[in-house]
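Everything below concerns the one structure shown next.
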């Protein structure tokens, strides 16, 4: 790929349309100050081809649009694969403004569009035409020369890291990362499946399913047996039910026995009810005496507590009053502290002013000026104007240099115009002369042709005979001269060719003169306006300089020194000191407020304690009530000959007493009734035998049989469901085992690939292979561009150079001079470019310099090497700041920046 023509507009610093013709450039320098737009020209090429740049990538491309412009456009004409293409890319601040076109130049001179499909399709088509993707293109065509110098002098590990970065070996790391992620995923999948098999399907097997089936069949057999047993028990129960009437006597006898066994308990209950009736009148006296005692004890405790609380409240009030007096003693200090805080506020403001002004507390000056805000702003504005003036003068000098170069080229073109005008006159005169010679030769040829035609009839003339043409008698046969028509015809052809060459030369010269004259006329006006603008800018700069008096920067330092002195007088940290004063004021006021609040609380507690304390006479009333209740209780207990505890134990509620008495009466009546009924049944049944125990046993057996049958049927259903679930789990288990086996195979595959792609194995092997190929290519290239003096090789892990002009001496690259280092790094750069390009032929290289100022000998070596590169058919562009190097190159592209935007001027020679 070789660039032929670049047109850009609205692209970063290039606001206006800029045309750059690379067609006849072989070796050139791209020169300009920092920020002028040199890199933007390279970015424009990558943007045109790929829609992205090395600095921005594929995002944030609106930053490429010149400020104030709505769109940018870049058109790059280039040659690839023996054909000429043109890619045009437009980008706007709106999505609708974005467009890309690809055209191919046909042999008939017409452009054929190749822009069908989406923008993605067009981008892929462009990449196919160029033969390189974006990353490879930037590494192959735009070589970072400085990194190759670091590659030469780096340690082996550093060289491999840098080489991996230059060759894009990071993709191997991405592959390894992807493989590691796959290992992690398949390992997790395999472990999860194995865990499921071990936990949820541990007991799932064909044997377990067969065992459940056998258990279900046995349970079905048991259920059938229990069904037969239940029918037999039902028959027995029916026979026993026929004699159910005989059980009435046994039931009556049983009930009588139960009632007789309860007789002692009923008697004791009746006795307890009788005692409770005796003590019923004493129980209220017991309760009254207890309540009087409790009230007397509580009154005694409350009086003691109130007295203690009153003493405590009095002591607390005294302490609170003393604390308030102590806090109020600090209150007179507040005005003094507030005055100090106000003074520190002004010092804090001075510190803030000093910080905003860009000064420091340590600033000093031998002759400080008293601080004045207006004077400082005036001095700062003057200093800014002075800095702006310095920048403007620097830009103006650059503009003058660019104009000078442009005028030199203009003068050269003007001289060329004069020389070619004179040449045109000479070509015209030569053409007219050749035309006259052609006319003479053509006339001679015509005459010779006529002569030859007549001579062809001479053989038919005989003396005394009539002429075959005029029929007159021939008296004498004339003699004819032999003429070589072929020679004359050859002379005419040569003269015709000469006239045609003169005519074509004349037409070409006249077209060139016309085109150059148009350019001269246009540039004459343009350079005149340029010169006038420079003069006006010079006048403006002088006018601005005239209004700036003294030394504004020194005035700024003097004012800041005065302000810094004021800040230092206030202490190292006036803001902290002021905060300390304010905090102390707040602390004094807070202590006073807290003491007042504490005194108020203590006085409230004292008033409450005084109100709580009751007269001691109330304690005497409670004591009299207690003694009276105790005397009444003693008399009542003495009449019953009981103690208070015995009376309380014998006491029952009225409802319980009534219940016990009623229970005794009912028991006596029921026993009498049962005895009469039993005697009557004995008379009715006589001696007939009846066994109720057998009937109960049959009934129990039948109930148990029903329960067992139901349980057996439920168990059979559960076993059938369990068998079905086991069969389903067996199917799922087989599927999971298949998945686990597949996950294991995938894990083994990705684990092997991951181990192979690790940095310490595969990538180092790849880098070693790349390094070996690079050194081979770079060594051959270094041999060519150094006129057969140097070769580059690897010795014990270090780069060395073999000096063939010095008996093959081997030297470490660290001992090379600046020029020699440049040759070696240049060889590495171009070797890497060829390696990355593969089988794609690169017709252009752009190198950044990667070196500083060169001595004359090194400069000569570099210039010779670059000249050798040009002879290899490459277009080589050097992005450099070294003026001495750029002047040695055949052509220079001078990039300059002005208010109207950047522009490029080509200087040849």
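Backbone N, Cα and C atoms are what each Cβ position is placed from, and that goes for glycine too.
As annotated by Swiss-Prot, ATP binding site applies to 32, 33, 34, 35, 36, 37, 38, 39. Taken from Swiss-Prot, the feature coiled coil covers 204-250, 285-453, 484-549, 576-614, 652-751, and the record attributes it to sequence analysis.
When each of 285-453, 484-549, 652-751 is scored by its Cβ pairs under 8 Å to the coiled coil (576-614), the top-ranked stretch turns out to be 285-453. Taking the mean position of the Cβ atoms of 32, 33, 34, 35, 36, 37, 38, 39 as the ATP site, the remaining same-chain residues with a Cβ inside 8 Å of that point are 13, 40, 895, 897, 902. The least crowded of the binding-site residues 34, 36, 39, judged by other CB atoms within 10 A of its own CB, is 34. Of all the Cβ atoms in the protein chains shown, 15 others lie within 10 Å of the Cβ of residue 33 (ATP binding site).
In sequence order, 12, 13, 14, 895, 897, 902 make up the list of same-chain residues 6 or more apart from residue 37 (ATP binding site) whose Cβ falls under 8 Å from its Cβ. Within 10 Å of the C-beta atom of residue 38 (ATP binding site) sit 23 other C-beta atoms, taking all shown protein chains into account.
Counting only same-chain residues at least 6 apart in sequence, those with a Cβ under 8 Å from the Cβ of residue 35 (ATP binding site) are 13, 897.
Long-range Cβ contacts of residue 32 (ATP binding site) within its own chain (separation 6+, distance under 8 Å): 38, 894, 895, 896, 897.
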